[in-house]
Amino acid sequence: MNIIKVQDYDEMGSVTADYVSEKIQDNPEMTLGLATGSTPKSTYKHLIEAHQKGTSFKHITTFNLDEYVGLKPNDPNSYHYYMNKFFFQHIDIPSEKAHLPNGHSRNISQECEEYEKKIKSHMIDLQILGIGANGHIGFNEPGTSFESNTHVVELADSTRRANARFFSSLEEVPTHAITMGIASIMSSKEIVLLVSGEAKSEALERLLSGEEPNESFPASILRSHPHVTIIADKEALMGTGIKL
Ligand code: F6R
């Protein structure tokens, strides 16, 4: 795993946006895997700036990692809404090329199968990931099989509590989500993992510790992927022994 060290959250966003923009220049029809949450917001901000300076997203295809079950796409807490607000509505990607799981589908297991099929038919060139303090990637909580494809998960209490900051109360945080599985994520040709802030420093330390991939710490699987770049800021690196 290659590590790019950055000073802070904003620099993480600008370095990641430059990295992604270069990939798009090399391959304007690339397929990009996207994440939500706090971590990639600065990347989207900088990608929007890149768009204003000429980068076009017209021919790329995107797949998001996950979506809450039970929230309609126009629900302000859904990841559909988040992606439109923080990224898609500011760039030139045609809406039919931007894919997210439909958490409001009547048949959630069929939705998972179809989403997985779509991912397989495209092949993700570059997947952007964040990480949970417990090592989750996507919504794959500790204990998730490394063989998993897109599936429904019951969210860990710690994840619901961590995400409650986006809702008016903890009760409103959905209990389930659809997520790309670990195998779906690992089938990406390349992965960029973003890690920012002190709250993630233990998880980063564990990831870098040399621990063999094991399902109790989902992100550990990334050690066995041939092309992973970690972009981490100073606070996240604190405690890992890696100096800026
Ligand atoms: C989001 C996702 C999650 C987040 C993780 C970190 O699509 O798949 O794995 O990346 O929960 O969230 P933040 O960035 O909010 O700390």
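Each Cβ is built from the backbone N, Cα and C atoms, and glycine gets one as well.
According to TrEMBL, the active site, proton acceptor annotation covers D66, H136. As annotated by TrEMBL, active site, for ring-opening step applies to N134, E141. Sequence annotations record features per position, and here TrEMBL assigns domain 'Glucosamine/galactosamine-6-phosphate isomerase' to 14-224.
Cα-Cα distance from D66 (active site, proton acceptor) to H136 (active site, proton acceptor): 12 Å (rounded to the nearest whole number).
Counting every protein chain shown, the Cβ of H136 (active site, proton acceptor) has 24 other Cβ atoms within 10 Å. In this structure, the C-alpha atom of E141 (active site, for ring-opening step) lies 8 angstrom from that of N134 (active site, for ring-opening step).
DSSP gives D66 (active site, proton acceptor) a strand state.
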